[in-house]
Amino acid sequence: MEISCLRQAANAQLALASSRSSLHQTSALQAARPAVRGLPSLVPRLRAAGAGCSNDGGCGADAAGLRFKFAGGRIARIGEPPLLRRRAPAAPRAGSDVGSTVDASGSHGVLHTAKELLHLALSLGSFLALDKYLKNVFLENAIRFPSALFGMLSLFVLLSTLSAINTDAADKVESFFSPAILFIQRWLPLFYVPSLVVVPLAVKGIPAAEGAKIGAILVGGWMGTLLVAGYTAVQVRKMVNTELLPAEPVAKAAPFTNTEIFSWTAIMLLSFGMAVRYPTALGPETTTTAPFLLAATVVGYLVGTSLPAAVKKVFHPIITCALTADLGAYALGMATGKGFEATLGGYLTKNSGSPGAGDMLMGFLGSVILSFAFSMYRQRKVIQRHAAEIITAVVVSSLFSLYSTAGLGRLLGILPSLTCAIIPRCVTVALALPIASLLEGNNPSLTAAAVVVTGLIGANFAQVVMDKFGLKDPIARGMATAASAHGLGTAALAGKEPEALPYCAIAYAITGIVSTLLCTLPPVRTSLLMLAGAA
């Protein structure tokens, strides 16, 4: 009983000493005062209980492993600074004092949020501005090399050089761009979706037999690339025998909240009403419908990410995202009388004068590529240490993926234009589209669909296949997964095998870079076109 009273009084006194001027803690102080007034009466009980008392009137007790000292009418834990000897702050008075405290806390929170939003706007705006500037320069000079890839390589070299000269300066640059990088990681699948959303329009002229052949290439090609990358990494590791050390952890983006889901749902409903009632409120109809189709796409992604893991194996967030956008286009087409195809045609206009929702999302693809520079910079020590395994596996698997796809397309009798569109099937969408353009595969929707389907196959079956074929080394597993199934495979492996994630992240970026560099070489590009039957 005495120990229980002691602990109650001690906790009350400690709460009094560490209180701050806030409404919540004020109520806690008021509740604690009766217990504090009873502290002097506990001294005889402590002495009677056999607690040791010193000459200065202090008494000690050990209650359930918590050691306290009572002295001068106050309690403190033994071995800790006597915080309670400081005068506790006066409790705020009801009315104006409490109100001013709450207002101050609220103002501080609002100011902090405003600073974070400003930081995000500046860093993301810098990415977008750099991407636009590079695009204009490359267009003016008729350079076919992807401008964003040049920017990414330049940023990586600059960061590495700056780090060698002044590490603090390089860290400050990285810190400045961190909000934009986390934003891109959080919303990354959205930027890949637009070409997938308009697939119903892109596949209208493709015969069913051709579609079946393409599906066979995607499945067989994925498995072949996975095994080639994995076994190449294993063989090189046996030769170099480099010790595996822990890699830098990869930061994870914050999960989505219910507030975000409700907010985007409200935007979707309101913008739907505006598009139906006032179809030219924002200018051209495609511009007016863009907010609704954008919100429908975002809501589909948010809902998809909240599904159980077992469901997401079948309905990946990218799939739910695309389906929701298509259903939204269908509903809007029926409500306005324009029809599904006409409404969906406004989703991706490729017209800067009247951009659709898809154009807005795809406008971030250049920034996605630029952000790879920081991913590579963070993992530069891993790249240096395991350069032999990483570079060899990526180059070999990239060559195999490109040439095997072109050869199988020719062997199965697929139209050359369709074969060229699916050649970059193992490369992230942000770089697959420029590669397909270099190879004259003028069907970006088919390219995006091939990339997404390949990623979904890898996300669901990569671990099973690697286990079956005895690929156990973390580097080999990470390299094989990312080289064959890019970002979707990487995300699937991250949750179960975090030790392989850094190598996935590296291979994910470098595979796209190497594949693009290879396709910009005239001999490689010409040989691929000849093999596919397009030249």
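Placed from the backbone N, Cα and C atoms, the Cβ positions cover glycine too.
Database features (TrEMBL):
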type	residues	note
TRANSMEM	145-165	transmembrane segment
TRANSMEM	177-202	transmembrane segment
TRANSMEM	214-234	transmembrane segment
TRANSMEM	292-311	transmembrane segment
TRANSMEM	318-340	transmembrane segment
TRANSMEM	360-378	transmembrane segment
TRANSMEM	390-408	transmembrane segment
TRANSMEM	414-439	transmembrane segment
TRANSMEM	446-466	transmembrane segment
TRANSMEM	500-521	transmembrane segment
Which range out of 145-165, 214-234, 390-408 gives the transmembrane segment (360-378) the most CB pairs under 8 Å? 145-165
Quick one: do the transmembrane segment (500-521) and the transmembrane segment (292-311) have at least 3 Cβ pairs under 8 Å, skipping pairs fewer than 6 apart in sequence? no
Long-range CB partners for the transmembrane segment (390-408) (under 8 A, at least six residues beyond its ends), listed in sequence order, are 217, 220-221, 224-225, 228-230, 232-233, 236, 383, 419-420, 422-426, 475-476, 479-480, 483-484, 503, 506-507, 510-511, 514-515, 518-519, 524, 527-528, 531-532
Chain residues in Cβ proximity to the transmembrane segment (318-340) (below 8 Å; excluding those fewer than six residues from its ends, i.e. six or more beyond): 189-190, 192-193, 196-197, 199-200, 268, 272, 275-276, 279, 289, 292-293, 296-297, 299-301, 303-304, 307, 347, 357, 452, 456, 488
